[in-house]
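A.B. asks: Sharing a structure below in structure tokens format, with a few things to ask.
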Amino acid sequence: MNKIQRLAIADDHKLFLQTTARILSTWERIELVATATHVEQVKQVIAQHRVDILMTDLKMPSMAGGLSLIRWVREHHPSVKIMVVSMDANPQSIRAAFEHGVNGYVCKDDDIVELERVFWLVVAGGRHLSHKAVEAMTEESFPIHDLTSRERNVYDLLVQKYTGPQIAEQLEISPKTVKTHRQNILKKLGFKDTIDLILNHFRKDNSAKGEG
């Protein structure tokens, strides 16, 4: 975790790109390698520099947008972690992004704290969704608006298959508190256990490939 992360950021909205780059440049253990506003520019950056993480919008000009870029990175630079930051909160778009190989998905409606949380989870490994992305994927299946803020934090980690002790460490709460929150979540959403919750979370995507 102490390794310096070499980051490239891609977004066709220059104001968002410049603001994000400026903020992330202040984070510890981050080296901003380059920014880009279109797919070909991103490809040049990755080809010319060692990049650990690519943070990209999903809707990028040229070559059918961000999904084609994700596919290209996966084919030519499989070691690069990909994190999508997008206004697109459509569940189908989120599933498509993961099917193409992204490691993380954050909605632009999330705040900077959530962006940083997901970023370092992606650095640590696995696939991760922001709170807004989780909310977008679940609300068309079953409502989660009855959950408290802390319950939604626990829920987010549960559907990503975190264990009780891992959730306790991540949220800096006791395992007993995690157990209480989990019981409340299952009761409010009408599921019998955590596995049932996870399976139902991604039931509409039978090809989730490890996401559910």
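Backbone N, Cα and C atoms are what each Cβ position is placed from, and that goes for glycine too.
Sharing the record's features from TrEMBL:
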type: DOMAIN; residues: 6-123; note: domain 'Response regulatory'
type: DOMAIN; residues: 140-205; note: domain 'HTH luxR-type'
type: MOD_RES; residues: Asp57; note: 4-aspartylphosphate
A.B. asks: Using DSSP, tally how many residues of the domain 'Response regulatory' (6-123) sit in helix, strand and coil.
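C.D. replies: In the domain 'Response regulatory' (6-123), the DSSP-based counts are 53 helix, 26 strand, 39 coil.
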A.B. asks: For the domain 'Response regulatory' (6-123), would you mind checking the mean pLDDT of the predicted model?
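C.D. replies: Residues in the domain 'Response regulatory' (6-123) carry a mean pLDDT of 91 in this prediction.
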